[in-house]
Amino acid sequence: MNALAATNRNFRHAARILGLDPKLEKSLLIPLREIKVECTIPKDDGTLASYVGFRVQHDNARGPMKGGIRYHPEVDPDEVNALAQLMTWKTAVADIPYGGAKGGIGCNPRDLSISELERLTRVFTQKIHDLIGIHRDVPAPDMGTNAQTMAWILDEYSKFHGHSPAVVTGKPIDLGGSLGREAATGLGVVFATEALLTENGKSVSDMKFALQGFGNVGSWAAKFIHERGGKVVAVSDITGALKNPNGIDIPALLKYKDDNGTLKDFKGGDSMDPNDLLVCECDVLIPCALGGVLNKENAADVKAKFIIEAANHPTDPEADEILSRKGVLILPDIYANSGGVTVSYFEWVQNIQGFMWDEEKVNFELSRYMRRAFHEIKAMCKIHDCNLRMGAFTLGVNRVARATLLRGWEA
């Protein structure tokens, strides 16, 4: 099942549990605005190349829309739509004053030089500058984009609207980015994991962890787990996979990956088939990479007792049902990976106030937001007698529905 179908299914289930008016349910599902723009740039060799850019703005009932911009050859309107909708529920679960958006350009960033990427980013910004803004829609980095991309958007947007650091988040520190932003999603995943384990009378130091994905989110999560005494027994990324039942030396692995750009041939573990990572012997499985990796084919073989969804939509609905029947506790993506957007919110607040926080304050506030959201999800689970995924969806959907009704959507 693709991301849009799965997201719509979860939304409809939550809407039924909440008893939403069918007209309101339909209104909440339809995006506020879908933008498609053509971006033509001169390549370094003098030829012209055209790319298609998208921005889906899903909902703004609770505040300006928020969401990443990805550069990927398979940027697909359906997927962008699903991710924009997920951002609406995610920001509501985290209780930060945003709605959801998502965007991207259909290109392979690896095939473009730095100057071509800059030209492409600036043309895209020129095409959408009047539809984004500090109090309208605030982009952030995503797959294939980074702090430098945000710096170009900020500069191009500021040519039209004056100096506006709060128009994007995930910026370089020198341009008003927040301390702690780079580690935020990974640290948020660990705060969420701690909340779930504490609820079940366990701690990180008692557990064995397997992480699929060792990019920004996975590597930071592994680092924080290791620091808390947790044993990371398996990791994988696109370069390979390795396991060590006695625990991998994460600081050594981070240095090795930094130096070599790969996990392959790292001496502190045995190589393994990347597909076996999802079903390896561990207590906590953390998918940090692609969507749909847990499906009806492999769900029955999962040995982990807890799954923390650090990636977006890593568990298909069919796998969800199989895992629930096995008694596996799944912490859903719209809560588990919300640390990134929460610290993006802190960055936006700092930019608007013109007053920057130290990293200790950023991490303290992130911890507070993640723990509070967990207890609010548990309260919804109790009220509606549902699992954690529906607890999170009912919490998010209810907040957006209430804001929509209070604003007078039928007027």
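Even glycines carry a Cβ here, placed using N, Cα and C.
As annotated by TrEMBL, substrate binding site applies to LYS66, LYS90, SER344. Under the heading active site, proton donor, TrEMBL lists LYS102. The site 'Important for catalysis' annotation in TrEMBL covers ASP142. Look at TrEMBL and you will find THR185, ASN216 tagged as NAD(+) binding site.
Here the features listed in TrEMBL are placed on the structure.
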residue: LYS66; record: substrate binding site; Cβ contacts under 8 Å, 6 or more apart: MET87, THR91, TYR98, GLY99, GLY100, ALA101, ASP137, VAL138, ALA140, THR169, VAL341, SER344, TYR345
residue: LYS90; record: substrate binding site; Cβ contacts under 8 Å, 6 or more apart: GLY100, ASP333, ILE334, TYR335, ASN337, SER338, VAL341, GLY396
residue: LYS102; record: active site, proton donor; Cβ contacts under 8 Å, 6 or more apart: ARG55, VAL56, HIS58, GLY67, GLY68, ILE69, ARG70, VAL80, ASN81, LEU83, ALA84, MET87, ASP142
residue: THR185; record: NAD(+) binding site; Cβ contacts under 8 Å, 6 or more apart: ASN216, VAL217, TRP220, ALA310, ASN337, GLY339, GLY340
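Shown in sequence order, GLY67, MET87, THR91, ALA94, ILE96, TYR98, GLY100, ALA140, SER338, GLY340, VAL341, THR342, TYR345 are the same-chain residues outside LYS66, LYS90, SER344 whose Cβ sits within 8 Å of the Cβ centre of the substrate site. In the structure as shown, the Cβ atom of SER344 (substrate binding site) sits within 10 Å of 29 other Cβ atoms.
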